[in-house]
Amino acid sequence: MKKHNFNAGPSILPREVIEKTAQAILDYNGSGLSLMEISHRAKDFQPVVDEAVALFKKLLNIPEGYSVLFLGGGASMEFCMVPYNFLEKKAAYLNTGTWAKKALKEAKAFGEVVEVASSEKDGFTYIPKNYEVPADVDYFHITTNNTIYGTELHADPDVNVPLVGDMSSDIFSRPVDVSKYICIYGGAQKNLAPAGVTFVIVKDDALGKVSRYIPTMLNYKTHVEKGSMFNTPPVVPIYAALQTLRWIKAQGGVEEMQRRAKVRAEMLYAEIDRNKLFRGTVTNKGDRSLMNICFVMADEYKDLEAEFLKFATEKGMVGIKGHRSVGGFRASCYNAMPVESVQALIDCMQEFEKMH
Ligand SMILES: *Cc1c(COP(=O)(O)O)cnc(C)c1O
């Protein structure tokens, strides 16, 4: 049976990315060796990093003066690297979910942290608006897509301080005005590559401004100066990321990814709103994520949750159970998600409705 992969992360990748990576693992460029067996310093691996960096810059329209890094540690490591490198006195954070909160907690060890707004009291069901960011902060940290709660900032905030963005789960799904940011980071395993590599876009002249000692491995400068090769980078995930970047470019770039994301999300949210058995969890519809579409059984049909999960699973839906902290369902629809899979889930919801 065809599987429809709605996993939240690690998650769906384009089939050709998986095939090309599998091929390189068996025999890298006809060398008779596996990609897993060669040095990251081998002359035929350097072009992989170079092309991945170049495609990052091209696809996101990154201005001059920025570096793109491929590191280990996951987005969670960036929660500490960001304040280590950028927080001298004071930083502002927008508390929009579990990941945002973890980033904020880490920053508190490095200086004064202002939580400018939070939707935590309301279960993170919307993105706070009309907050004020103090003018004297070193940066304002946002989580552009809240993977667990299914909310998303659809535009880069208009503030007069440098932004830092966790874009783990919506990178390459919309155009970004990178010039507003001093740092953009994310784990690759939502929208780019298998787990193991973390992408970081960093503004070069924002580095070196804090007075503290930064441990070598946690210092962005180390990795900028060594082109992500200070130590052994995660070679296989970087190779896979390059295949995804090539795929995005061939499909028509970030604008096309955004168009597809809107089509998928409109279809699925329309069904959630129409179908009497279900309701969306995000209270402000304008804040609904195009990537992680969260819904629960309507109050009158609460008892049917386990039954729907079983029904949908039998029809090939994978990974639609909501995060344990929210419950219900979450259909993650990252860049590689075909519209046919979204239609298959909608068919499931309609069939289930007819049975009740
Ligand atoms: C998954 C996720 C993280 C954590 O990523 P790791 O690579 O596992 O550390 C952080 N932020 C967001 C928005 C995420 O979706």
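Note that Cβ sites are derived from N, Cα and C of the backbone, with glycine treated the same way.
TrEMBL annotates ALA75, SER76, TRP99, THR147, ASP166, ASN231, THR232 as pyridoxal 5'-phosphate-binding residues; of GLN46, GLN189, GLN258, the candidate listed for that same site is GLN189. Among the binding-site residues listed (ARG41, ASN231, THR232), none has a CB atom closer than 6 Å to any atom of ligand 1. Look at THR232 (pyridoxal 5'-phosphate binding site): DSSP puts it in coil. Around SER76 (pyridoxal 5'-phosphate binding site), a 10 Å sphere centred on its CB holds 16 further CB atoms from the protein chains shown. For the binding-site residues given as THR147, GLN189, ASN231, THR232, the lowest number of other CB atoms within 10 Å of the residue's CB is seen at THR232. For the domain 'Aminotransferase class V' (5-345), the mean pLDDT of the prediction comes to 97.
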